[in-house]
Every structure is written in structure tokens, then in C-alpha cells.
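*Asks:* Before I ask anything, let me first share the structure, which is written out below as C-alpha cells.
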Amino acid sequence: MKNVGFIGWRGMVGSVLMQRMVEERDFDAIRPVFFSTSQLGQAAPSFGGTTGTLQDAFDLEALKALDIIVTCQGGDYTNEIYPKLRESGWQGYWIDAASSLRMKDDAIIILDPVNQDVITDGLNNGIRTFVGGNCTVSLMLMSLGGLFANDLVDWVSVATYQAASGGGARHMRELLTQMGHLYGHVADELANPSSAILDIERKVTTLTRSGELPVDNFGVPLAGSLIPWIDKQLDNGQSREEWKGQAETNKILNTSSVIPVDGLCVRVGALRCHSQAFTIKLKKDVSIPTVEELLAAHNPWAKVVPNDREITMRELTPAAVTGTLTTPVGRLRKLNMGPEFLSAFTVGDQLLWGAAEPLRRMLRQLA
């Protein structure tokens with residue numbers, strides 16, 4: 001059995017990873033060692049039936065004793081520890097949820113239902129750093145993988161509807177707190193059937209603009225609104241989140257020529273599922289039944305939702321998908337621009353295939 005160290009296992013992504021590993025009995029195949037950046041010496045969790053104490057996540061000697069390190073601690077930790085560990089001569093496997101190492105030449109972005117061939121080649125060539133991808137990119141490829149695998153995609157334009165969980169646990173709390181403030185502000189009026197809805201709306205809008213809602217994390221109110229910008233601003237006018245679409249898609253697929261991917265990334269008031277609306281330029285005219293067949297056959301989690309109003313409203317929403325590994329794709333139809341233009345709408349849990357699940361599955365391969 002390999003010695004596997006876990007850092008950041010108590011955070012949001014780490015907690016989901018632990019839950020999935022327990023469900024899949026992954027701990028049966030490894031010797032886990034749990035680390036902490038702040039609570040060393042305290043009792044370690046009993047995942048996998050082991051007992052012990054939390055180790056120091058900054059102790060290079062303790063880390064060097066591991067065969068595999070899995071970290072969900074974030075980019076600052078990676079940037080501090082990873083170079084020191086490699087410079088010390090450590091040759092173990094590093095599995096990371098943070099974005100810091102994604103675009104490094106000696107790292108592979110992992111999404112095995114989509115790029116197992118790239119992962120296998122990397123392992124055969126001595127690659128030992130494996131990084132989870134951007135959530136929207138991973139979820140797009142899980143849903144639309146059949147089109148990419150069959151070399152049918154000329155380019156992709158996307159508008160995202162990204163959940164609060166993409167920002168982190170504090171962002172989710174802030175969204176719910178904002179919702180509570182708005183409701184409490186008009187609760188009496190809502191309870192009165194004779195109250196005028198426009199009066200209620202005005203009260204809500206006034207409170208939203210008042211500066212009284214908590215916005216420490218988002219910077220502006222999200223409840224009852226949206227934020228059409230995610231991550232840093234780049235010189236070309238893109239947000240960094242939008243830049244990741246093309247950069248990471250092409251690295252994951254190891255394309256020989258760049259597939260253009262661009263669009264707008266928008267934060268909405270969903271809790272943990274990202275949705276995406278796509279305009280896809282195909283390389284040739286492919287019938288909708290064939291498109292549906294290719295998408296459904298690509299991986300066990302891709303689910304084609306018929307382009308029917310009732311089914312779509314029931315199955316192609318964050319409410320339906322949250323907490324599941326299913327990555328449904330629907331609203332598939334040809335657009336007025338021509339027979340090669342395809343629309344699609346996808347939903348996926350940002351904390352599962354968008355974050356924890358690729359890490360879990362990579363660890364399973366290495367263990």
C-alpha cells in the first residue's frame with residue numbers, strides 16, 4: 001500500500017473528496033496520513049479506519065516520506081511547498097485541486113473520462129504532477145466530450161451561469177445571508193396577499209442598492225442579481241476565468257491545433273451547480289440524432305436530455321443535478337446561422353466532476 005498524504009481535506013472540495021472516497025472504499029487501498037496547516041497534533045479523522053494525529057503540512061521531511069500527496073489547500077500552499085518539495089529531490093506523485101500548476105509543462109490536467117490517453121502517456125513518460133481542471137472546462141468536456149472525441153468541433157462560444165460554490169464556502173454563506181436579508185425586509189408584505197408586488201420589488205431594490213447587504217466576498221450583491229465577471233481582469237478584456245476556457249480545454253485534449261473557445265463567465269445565485277449555454281460551430285453538418293448518440297456514448301455520466309420543455313425544466317437544472325455525478329446536456333438543436341451551428345445547454349455539480357472527482361479517480365489509478 002502507498003502512503004498518501006491529504007492536505008486541505010476539511011475544506012469544501014476536500015470534504016466532498018473525503019465523502020466520495022468513503023463511498024467508493026478508496027481508503028481500503030491506501031495508508032492515509034492527514035495533515036493540517038493550523039491544528040497539528042490534534043486527532044486525525046478516522047476515514048479508512050486509521051487512527052493517529054494531524055501532521056504539520058509545512059514539514060518537508062514528513063511530506064517527503066509520502067508516495068502521493070493530495071492537496072485541496074489552495075494555490076498559496078502549492079506555490080510555497082511544491083517547489084521546495086521537488087527541489088529537495090522528492091519524486092512522489094502530487095495531485096492538486098488548485099490552479100497554480102495547471103499550465104506547467106510537467107503537469108497534466110486530469111479528467112480521465114476525457115483524456116485517459118493523455119494521462120497514460122504522461123505516466124509512461126515520468127509525469128508525476130496531476131492537477132484538476134477549471135470547473136466549467138471539466139464540466140463542459142464531460143457533457144460535450146463526444147463531439148470533441150470525434151473531431152467535430154470547429155469552435156465554441158459559451159455563456160456560463162456559475163454557482164456561488166465556485167468562489168468557496170464563504171461565498172455560499174454570503175449568498176444565503178443576502179437572500180435572508182432580502183426576504184426578511186419584505187416578509188410582512190409577502191404574507192399579505194393584497195400588497196402590491198411592485199412596492200415589494202422597490203423595497204428589495206432599495207435594500208440591494210443601499211450598501212447594507214453583506215458583500216465581503218462577492219464585492220456586490222448576488223441575491224436577486226448576477227455578476228458578469230469572474231476572476232481577474234486581463235489586458236485583452238477577458239476575465240481570467242474566460243481565458244481558462246481555451247487554454248485548459250486544449251491542454252486537457254492535447255490538441256495539435258488550437259480549438260477556439262471563448263465567451264462570458266457570469267456568477268449567478270445557484271449554490272453548487274454550474275450551467276453553460278453553448279453555441280458550437282461543427283466542422284460539418286451532423287444530424288441531431290447523431291449528435292445525441294455521440295454525446296450519450298462518450299462516458300457513463302453524460303446524459304442527453306431531449307429538447308422538450310417539460311423534460312428540460314425537470315432534468316436540466318441545478319436543482320435536479322446538485323449532488324449527483326450526472327452531467328446532462330440538452331437544448332440540442334440547429335441554429336438559424338446554418339446547419340453546422342449547434343446549441344447546447346449543460347449542467348454539472350461544480351464540487352464533483354468540477355473539482356473532487358477527477359482527483360479521486362487519479363488517486364485510484366496511482367494507488
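Glycine is no exception: its Cβ is also placed from the backbone N, Cα and C atoms.
It should be emphasised that the depicted structure is a prediction, and the values quoted were computed from it without experimental measurement.
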*Asks:* According to Swiss-Prot, Arg10, Gly11, Met12, Val13, Thr37, Ser38, Ser165, Gly166, Pro193, Gln350 bind NADP(+); so which of Gln73, Gln233, Gln238 is the extra one listed there?
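*Replies:* Candidate listed by Swiss-Prot for the same site: Gln73.
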*Asks:* Which single residue out of Glu189, Glu201, Glu241 does Swiss-Prot record at the substrate site shared with Gln162, Arg267?
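*Replies:* Record source Swiss-Prot; matching candidate: Glu241.
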*Asks:* Spatially, which candidate from the recorded positions Met12, Cys135, His274, Gln350 is nearest to Gln162 (substrate binding site), comparing Cα atoms?
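*Replies:* That would be His274, the closest of Met12, Cys135, His274, Gln350 to Gln162 (substrate binding site).
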*Asks:* Can you tell me which of the recorded positions Arg10, Gln73, Arg102, Arg267, His274 is spatially closest to Cys135 (active site, acyl-thioester intermediate)? Compare CA atoms only.
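*Replies:* For Cys135 (active site, acyl-thioester intermediate), the spatially nearest of the recorded positions is His274.
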*Asks:* Round to the nearest Å and give the CA-to-CA distance linking Arg10 (NADP(+) binding site) with Arg267 (substrate binding site).
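*Replies:* Here the two Cα atoms are 25 Å apart.
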*Asks:* Please identify, from the recorded positions Arg10, Arg102, Lys244, Arg267, His274, the residue with the sparsest Cβ neighbourhood, meaning fewest other Cβ atoms within 10 angstroms.
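*Replies:* If we count Cβ atoms within 10 Å for the recorded positions Arg10, Arg102, Lys244, Arg267, His274, the smallest count is at Arg10.
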*Asks:* Other residues with Cβ within 8 Å of the Cβ centroid of Gln162, Glu241, Arg267 at the substrate site?
*Replies:* Thr136, Thr160, Gly166, Ile227, Trp229, Ile230, Asp231, Cys265, Val266, His274
